[in-house]
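As written in Swiss-Prot, here are the features:
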TRANSIT   1-50  transit peptide
BINDING   Ala102, Glu122, Gln123, Gly130, Ala195, Asp226, His241, Met293, Arg303, Met304, Gly305  substrate binding site
MOD_RES   Cys224  2,3-didehydroalanine (Cys)
Amino acid sequence: MQAAGLAAGVAFAPKISSSNVGSSSSSLAGVRMVASPKAQLRHARLPAASASMYSDAKYDLNNYKFEPIKESIVAREMTRRYMTDMITHADTDVVVVGAGSAGLSCAYELSKNPNVKVAIIEQSVSPGGGAWLGGQLFSAMVVRKPAHRFLDEIEVPYEELENYVVIKHAALFTSTIMSKLLARPNVKLFNAVAAEDLIIRGDRVSGVVTNWALVAQNHNTQSCMDPNVMEAKVVVSSCGHDGPFGATGVKRLRSIGMIESVPGMKCLDMNAAEDAIVKHTREVVPGMIVTGMEVAEIDGSPRMGPTFGAMMISGQKAAHLALKALGLPNELDGNYKPNVHPELVLASTDDETASA
């Protein structure tokens, strides 16, 4: 089997381990993509420019003409679909706040159940958080084993080393998981939308207060600009750490007295940090689950720096906590049986794993 794509002159070929033979998940699940040093760069034979890869109709690039359209049609199509999404998710099952690596992994895992409506709120125009690059603006992404099994599932190629794998560019992970996630009909990503506050009923989080991110950033320069709301059975807070938008979910819980403190993350310790983040991903108050680096903020555990496996697995664990809260089958209760049952690894400090 030939892996799709070539990396900087190095062909990537699948390496199949005996432990993964017979996997029933997606076509490349259980296949490790490793660099083959003897491989030669091969240029695919591309057809002449045509109207479609599946059509013999040729382009005339000197006289290319698009079909005519009214400008109002473009406006109407965008507006109608967005408003329909807002109406659909005004009362939704799960709201994921923050579309970084943990939030995207959580939403991806949730989206496997087509009956669960998932809304993702991201204050930036560009989702992905810090997962577009590795550390110090370098390109490569390091993922410690056994979290590489999640990469196998979503078919991200990597170079396999002894205790970890390396993705040649972090954007391969982020773009791949987004393309798979957003193609699913039960998921909507709301870019450039900020979660300004929480909806609280009694002692339970029941949704989020939303606004356009540019409005949220300019309340001090304009007159009153009231928000919107999104009710949800479960809110997953994956707001990361540091900065004005970091850990906003747990900081708000502290300000209203629902939790005692948010001590902030400790100094870097990769080995302690990743295990702790996955282990302590949890429902901190009824209706609100915390995942990713926001866990380190609320627990005062170490930061982990530029290694990303805990973000992926913490996101998966948060998804199964949300399914549990919804009363649905989940991996934590051992009754998870989706149509496609990928291998799931829940890392912990004592190296316990749950396999599919």
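The backbone N, Cα and C atoms fix where each Cβ goes, and this holds for glycine too.
This view paints the features noted in Swiss-Prot onto the structure.
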{"residue": "Ala102", "record": "substrate binding site", "Cβ contacts under 8 Å, 6 or more apart": "Ser238, Thr291, Gly292, Met293, Met311, Met312, Ser314, Gly315, Ala318"}
{"residue": "Ala195", "record": "substrate binding site", "Cβ contacts under 8 Å, 6 or more apart": "Val95, Val97, Ile121, Gln123, Val208, Val209, Thr210, Thr248, Gly249"}
{"residue": "Cys224", "record": "2,3-didehydroalanine (Cys)", "Cβ contacts under 8 Å, 6 or more apart": "none"}
{"residue": "Arg303", "record": "substrate binding site", "Cβ contacts under 8 Å, 6 or more apart": "His241, Met265, Lys266, Cys267, Leu268, Asp269, Ala273, Met293, Ala296"}
{"residue": "Gly305", "record": "substrate binding site", "Cβ contacts under 8 Å, 6 or more apart": "Gly135, Leu268, Met270, Ala273"}
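Here substrate is bound by Ala102, Glu122, Gln123, Gly130, Ala195, Asp226, His241, Met293, Arg303, Met304, Gly305 per the record. The longest Cα to Cα distance in that group is 38 Å. In the shown protein chains, 26 other C-beta atoms lie within 10 A of the C-beta of Gln123 (substrate binding site).
For the recorded site, Ala195 (substrate binding site), the DSSP three-state label reads strand. All protein chains shown were included, and the count of other CB atoms within 10 Å of the CB of His241 (substrate binding site) stands at 16.
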